[in-house]
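Single-structure report; data block below.
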Number of protein chains: 4
Amino acid sequence: MTDSTDAKLHATALPAYLRERHAFWHATRFSENRAWYQRLAHTGQHPRAMVISCCDSRVDSVQMFGAEPGDLFVLRNVASLVPPHSPDLSFHGTSAAVEYAVSVLKVAHLVVVGHSNCGGISACHDMCAGSAPQLTDGSSYIGRWIDILRPGFERVSARIKEPKARVAALEKEGVIVSIRNLISFPFVAEAMREGELTLHGCWIDIGSGELHVLDHATGEFV
Amino acid sequence: MTDSTDAKLHATALPAYLRERHAFWHATRFSENRAWYQRLAHTGQHPRAMVISCCDSRVDSVQMFGAEPGDLFVLRNVASLVPPHSPDLSFHGTSAAVEYAVSVLKVAHLVVVGHSNCGGISACHDMCAGSAPQLTDGSSYIGRWIDILRPGFERVSARIKEPKARVAALEKEGVIVSIRNLISFPFVAEAMREGELTLHGCWIDIGSGELHVLDHATGEFV
Amino acid sequence: MTDSTDAKLHATALPAYLRERHAFWHATRFSENRAWYQRLAHTGQHPRAMVISCCDSRVDSVQMFGAEPGDLFVLRNVASLVPPHSPDLSFHGTSAAVEYAVSVLKVAHLVVVGHSNCGGISACHDMCAGSAPQLTDGSSYIGRWIDILRPGFERVSARIKEPKARVAALEKEGVIVSIRNLISFPFVAEAMREGELTLHGCWIDIGSGELHVLDHATGEFV
Amino acid sequence: MTDSTDAKLHATALPAYLRERHAFWHATRFSENRAWYQRLAHTGQHPRAMVISCCDSRVDSVQMFGAEPGDLFVLRNVASLVPPHSPDLSFHGTSAAVEYAVSVLKVAHLVVVGHSNCGGISACHDMCAGSAPQLTDGSSYIGRWIDILRPGFERVSARIKEPKARVAALEKEGVIVSIRNLISFPFVAEAMREGELTLHGCWIDIGSGELHVLDHATGEFV
């Protein structure tokens with residue numbers, strides 16, 4: 001029982017403000033939707049789409065897409081990145097979530113949501129540009145994670161030199177790279193062939209709230 | 001340009017209902033908070049806490065904790081699991097997010113949120129109980145991901161035999177295992193020693209909306 | 001050292017009841033949030049809003065808005081009044097606080113909070129109505145301070161004759177006058193033009209706890 | 001009606017999160033104390049002490065001193081500064097509040113609360129040290145306000161050279177200067193002579209929550 005003992009020793013009571021805000025939610029939003037929550041508990045979830053979004057505290061896809069409980073299966077990681085298919089034995093949290101959404105929940109859409117002012121993308125830019133050695137010494141989880149986007153950096157840096165514009169382009173390239181990687185999963189390709197799954201990419205500007213959608217014909221965000 | 005060409009070929013326009021709901025959000029919630037979003041875009045995020053929650057479409061920690069834009073850095077993966085510290089070179093999305101929250105954003109709290117009726121936990125139970133061979137043949141990302149919780153299953157199955165009760169206990173054991181794994185990260189342990197980071201665990205019942213908080217003294221959820 | 005000598009001679013030990021209440025706070029609320037306070041000490045404050053409220057011991061905006069440490073930059077003066085922009089060399093404590101909030105902290109909202117049973121507003125009414133000569137002989141700081149609201153009194157007294165109703169109306173007129181004066185500051189007007197700052201007015205009834213919000217369309221509190 | 005028209009045009013509805021948090025407060029803390037609030041509304045306030053504190057969002061003297069509605073008359077300005085007595089005709093918000101507390105409310109204690117990591121004190125240090133020209137060109141309200149503490153800077157800089165230690169000392173010197181200035185008000189000196197008013201100074205460390213009290217015998221904070 002060492003493990004749970006550790007947890008016992010280290011976990012502390014939930015901060016009061018979170019308990020209070022949960023109480024307010026429970027007395028309002030939850031109470032108004034109690035019947036629906038009970039249905040969801042008994043009949044399970046049947047979300048129409050999966051959203052792959054960023055952990056960033058400023059970007060909440062659930063609210064942005066006016067989603068109700070049960071509507072969206074949401075994965076949130078650093079920079080909304082999806083790694084390529086790689087059948088090894090290590091822990092692939094993102095790939096497992098995609099597999100669960102497509103093979104178990106059978107969602108109809110996979111939506112990758114990038115955003116402006118993304119700290120992860122900016123770190124990737126600095127790392128690939130050689131100005132962030134601390135991310136490349138192998139000890140940084142962030143550095144290894146954003147390495148997924150290195151091929152995207154190569155393409156972007158080849159056509160854009162100005163740093164600020166390059167970072168902005170990399171935010172959108174990240175969405176394209178993730179969509180490309182999604183296609184590399186057999187169960188994704190299969191569902192697409194069956195016409196049961198579609199892929200979508202978009203990018204949101206935090207300051208203006210505007211959503212730019214990836215146009216499959218041009219590869220541009222409009 | 002093969003890569004982005006792939007994306008062009010496969011990504012399609014965003015489903016109309018998502019575009020419409022975004023438009024509605026933009027005309028209401030966003031417009032009312034435009035000044036705050038602009039400030040957030042220019043001054044960056046300074047979230048007080050990171051929440052590690054599940055992708056489940058029925059559990060939205062942001063709404064449950066009445067969080068505003070900028071309040072919570074949210075990671076969502078299958079079953080809110082955190083793998084142990086392992087300095088290899090593979091992609092660790094969850095660990096990267098924890099590192100970013102603690103080392104870059106310097107959040108004060110890490111909150112692991114488990115929930116009832118969790119498909120990932122249930123799959124872990126069946127896999128560990130030997131009744132889900134398709135998850136153990138090495139080809140399933142889900143199987144490999146939920147293997148993080150195998151030690152938890154051993155502890156739970158040793159003291160609880162009834163399957164339904166055992167799954168429920170495993171949902172809470174998952175929170176304890178994740179907290180234990182969080183402590184294994186050097187940057188987490190260091191921030192805790194400095195008194196600048198606290199760990200918290202809780203479990204929410206979807207049907208009743210009740211939140212059970214991990215009591216560090218007893219290891220029970222109350 | 002004459003100055004500090006004066007202080008030495010005149011300052012006495014903190015009353016025991018304040019020391020005891022601080023000790024209680026430190027053992028409870030502070031201890032539970034120690035990690036957050038340490039983060040705030042090291043990373044600085046990033047409040048979303050500034051509240052301009054009254055010194056009145058019965059009106060605590062921090063508690064009324066469920067604010068956590070770091071949430072609200074709070075100015076409290078007599079009657080929540082803001083003087084107009086006046087670039088002279090005298091000490092402008094209120095204007096300095098507004099400048100600090102908008103130009104340094106870059107808050108997104110300025111909220112002026114008036115309240116019922118306000119002694120300062122009542123004194124302003126009596127002074128302007130000519131029944132409080134001691135406030136107008138130039139020796140009273142209170143009299144000079146609440147003179148900020150004299151234009152408001154003229155408007156209110158023109159349409160309301162009954163003293164009690166007139167004082168109540170003046171409490172709300174004070175909020176409108178302060179908002180008008182806020183707009184006279186170049187840095188406030190500039191931030192509003194940039195869409196990075198919004199102004200808000202409200203009035204709270206101490207006895208009922210009800211909050212009346214200034215409706216920008218009608219200028220009424222609803 | 002130009003004035004209120006301006007306000008009508010510029011004030012917008014209160015941000016939803018503040019309305020929601022007020023609703024939670026009203027349903028909990030307020031409801032539990034409704035009888036007391038109604039008493040306070042009808043019989044007026046009779047606070048025992050006045051606290052002169054900082055606008056800083058991390059320092060809430062009301063909570064720190066476990067104050068209940070009616071307990072503390074609270075002035076909050078930048079750096080908790082009190083200007084000296086100066087019988088001119090300009091707006092003196094801080095002096096008016098002190099006059100109101102002493103002459104009208106007849107509080108028994110005036111408590112000046114300084115704190116660590118104070119942005120206003122730090123700005124004063126930089127300005128007086130000559131490294132913040134933007135604060136001295138006469139156009140900054142902040143610069144003119146913190147000029148109150150210039151004499152304190154002279155004393156501190158004479159005995160402490162290391163910048164960090166000097167700023168920390170200046171935070172405490174600010175409390176001493178404010179107490180000295182309080183004594184310069186005739187109504188304060190008079191109430192002290194009558195034995196009806198005492199002055200107190202303290203300084204709180206945000207990170208540790210510790211309160212250091214000004215010892216009148218030594219002029220030190222212990």
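Cβ atoms are placed via backbone N, Cα and C, with glycine included.
Note that TrEMBL annotation is computational and uncurated.
Bear in mind that the values here come from a model prediction, so they are computed numbers and not experimental data.
For reference, TrEMBL has these:
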type	residues	note
BINDING	B:Cys54, B:Asp56, B:His115, B:Cys118	Zn(2+) binding site
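Close to B:Cys54 (Zn(2+) binding site) in the fold, though at least 6 residues off in sequence, lie B:Arg76, B:Asn77, B:Val78, B:Ala79, B:Ser80, B:Val113, B:Gly114, B:His115, B:Cys118, B:Gly120, each with a CB less than 8 Å from its CB. For the Zn(2+) site, the Cβ centre of B:Cys54, B:Asp56, B:His115, B:Cys118 serves as reference, and the other residues of the chain with Cβ at most 8 Å from it are B:Ser53, B:Cys55, B:Arg58, B:Val59, B:Ala79, B:Ser80, B:Gly114, B:Ser116, B:Asn117, B:Gly119, B:Gly120, B:Ile121, B:Glu171, B:Ile206. A distance below 8 A between C-beta atoms marks B:Asp56 as the binding-site residues from B:Cys54, B:Asp56, B:His115, B:Cys118 lying next to chain A. According to DSSP, B:Cys118 (Zn(2+) binding site) is assigned to coil rather than to any helix or strand. Applying an 8 A CB threshold to same-chain residues 6+ apart, the list for B:Asp56 (Zn(2+) binding site) reads B:His115, B:Cys118, B:Gly119. The number of other Cβ atoms within 10 Å of the Cβ belonging to B:His115 (Zn(2+) binding site), over all protein chains shown, comes to 25.
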